[in-house]
Amino acid sequence: MSTIDSVLQENRLFPPSEDFRIKANVSGMEGYNALCEKANNDYEGFWAELARDLISWKKPFQKVLNESNAPFFKWFEDGELNISYNCLDRHLDARGDKTAIIFEADDGTSKHVTYRQLHTQVCQFANALKAQGIKKGDRVVIYMPHSVEAVVAMQACARIGAIHSVVFGGFSAGALRDRIQDAAATLVITANEGVRGGKPVPLKAVVDEALGLEGSESIKHVIVYRRADHDNVAFKPGRDLWWHELTQNQPAQCEPEWTNAEDPLFILYTSGSTGKPKGIQHSIGGYLLGALVSMKWVFDYREGDVYWCTADVGWITGHSYVCYGPLAIGATQVVFEGVPTYPDASRFWSMIAKHKVTTFYTAPTAIRSLIKLGADLPKQHDLSSLRILGTVGEPINPEAWIWYYEVVGGSRCPIVDTWWQTETGANMIAPLPGAVATKPGSCTLPLPGIMADIVDEAGAPVDPGKGGALVIKRPWPSMVRTIWNDAERFKKTYFPEEFNGKLYLAGDSAHFDENGYIWIMGRIDDVLNVSGHRLGTMEIESALVANPLVAEAAVVGKPHEIKGEAVVAFVVLKQARPEGEEAKRIAKELREWVAHEIGKIAQPDEIRFGDNLPKTRSGKIMRRLLRVIAKGEEITQDVSTLENPAILDQLRHSAL
């Protein structure tokens, strides 16, 4: 029997080694349990002590948690701080000449940026922003390649109290415009071009297209970083400004804007089950605490570590575990512009060896795609510097977990499988690597102070082995404060009435096993998890229906070996149902259409054309039947309520 089969049947536990346990920041289950007991006995005191220990405050807080306007909770609300000061200035005396960022470009060249150099760059860019009239509370959209400059732009906004909204560089002009419009942003920061996998990525051109669409009129200026060594981008005089020209004469000091702990730090848009993206708003003090606590506990940060989180700054993981967490704790981290398979499939492994990475944090999608290329590639590189491996974005299947543990980690590195969300701000459920024995496929136990539970539809806790909704029972510091400009949607989405507005509903289903470990089973709403990124089915459906050929569309997910979930679109055209070459041509056209409307990440993997869609007599699309068809399973559900049962057979045999 293979290791993988054994693991699936044995449910084996992998405890930390004795050497790891002794040196860990949280040592052994006794250390974990002591922290949990402390949080249970004095919840506010527990978080207050951590906030005083880990954060540098300009004005110390007296009030810890304000629950008077639940679910709009406030933490440390009378305290004042600046997050950029916490990430940069406070390290200058002891760590000024320490490398903050090792940046590796797509072409393999790398550079080291010290804390002092990063501080200077951030101050100069912050001064440039102020010179353009950007002030506290203004919204700034960042549409950049994954780079030192993206981190500088975010930190500079935070330094002067401006609210940044980073948009992933793969999103379309329409998606960019939607976010500009919702945030009423006045400035866009971009680059003339990005480079990924040896290919240019148009960025300024997409910004220009977005600003040509209705709804983007709030933008006054566009600052352009010259990433590609050419000037052949459209430049609008008066609106467009070069980054290097704005910063070259700026002073190297910029006094931080001292902000209230509850002031907004950023808005990050995430897909919801309805078409409109949600602007998740995080505040400064609580968010910073979540990032710091998880760096210390989950990633067991030690001075001398080289930390590498592969996420792009356009996602929450790139906010918490690239821009803020590693810098706030004073770490050296790798920032990588490229992709894991360029110029060859050993890029990740050669970089770990080259930069002596100790902590490696990536997505199961990346791991699964690298497994396909074989175990020989990692074995050709010296990965002995690795101490901790992490996964993020989606549950990791046990087979991939074992491969990661044995082949990449040499069976010696604990794997921290982290469950959290854009909305939670930081890791919530994850093994503390020196304390909690890991189990392939489980994110194990909540962090001390995180009151997680799994409940049924009435809000009652479920028995082990029974599935239910994952909830958090008490507010925590790094939680989402509201949805930008939509407090009502915030309440309905996260604190629904069916739980009396008292429980935070994560939107994920889960179950406890016999050890009390948590296993995430998937989404309970119409949100897909594709390569670790959340995509709303409504968003993709809306994009498809906007095409002049399409009358109706329904989108569901199905399991995918690499990406976790694949996007399957069922489409009814205004014309007769196409077949053969015509069907292939239209399917290709619709994929390109979705890529243009939302971004390549949302392109349907499979399109099925039908004369119509399966509907109840009241006109409701039976999505659960579409999920069964997409998976290629037999339909066992009652179809007597269907208006058109014959359509099921047609859709089953129409995959493209």
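Placement of Cβ uses the backbone N, Cα and C atoms for every residue, glycine included.
As annotated by TrEMBL, domain 'Acetyl-coenzyme A synthetase N-terminal' applies to 32-87. Among the features that TrEMBL reports, domain 'AMP-dependent synthetase/ligase' is placed at 89-476. Annotation source TrEMBL lists CoA binding site at Arg196, Gly197, Gly198, Lys199, Thr317, Ser531. Among the features that TrEMBL reports, ATP binding site is placed at Gly393, Glu394, Pro395, Asp417, Thr418, Trp419, Trp420, Gln421, Thr422, Asp508, Arg523, Arg534. Per TrEMBL, the feature domain 'AMP-binding enzyme C-terminal' maps to 539-620. The annotation Mg(2+) binding site is assigned in TrEMBL to Val545, Val550. What TrEMBL records for Lys620 is N6-acetyllysine.
Sequence-distant neighbours of Gly393 (ATP binding site) (same chain, six or more apart, CB under 8 Å from its CB) are Ala311, Thr317, Ala363, Pro364, Thr365, Asn529, Ser531, Gly532, His533, listed in sequence order. In sequence order, Gly507, Asp508, Ser509, Asn529 are the residues near Arg523 (ATP binding site), counting only same-chain partners six or more apart with C-beta under 8 A.
Residue counts for the domain 'Acetyl-coenzyme A synthetase N-terminal' (32-87) by DSSP state, with H, G and I taken as helix and E and B as strand, are 27 helix, 7 strand, 22 coil. Across the structure, Arg196 (CoA binding site) and Trp420 (ATP binding site) place their CA atoms 27 angstrom apart.
Around the Cβ of Thr422 (ATP binding site), a 10 Å sphere holds 19 further Cβ atoms from the protein chains shown. Nearest neighbour of Val550 (Mg(2+) binding site) by Cα distance, taken over the binding-site residues Lys199, Thr418, Trp420: Lys199. Here the CA atom of Lys199 (CoA binding site) lies 31 Å from the CA atom of Val545 (Mg(2+) binding site).
Arg196 (CoA binding site) is surrounded by 17 other CB atoms, counting those within 10 A of its CB over all protein chains shown. In this structure, the CA atom of Lys199 (CoA binding site) is 29 Å away from the CA atom of Thr422 (ATP binding site). Here the Cα atom of Trp420 (ATP binding site) is found 29 Å from that of Gly197 (CoA binding site).
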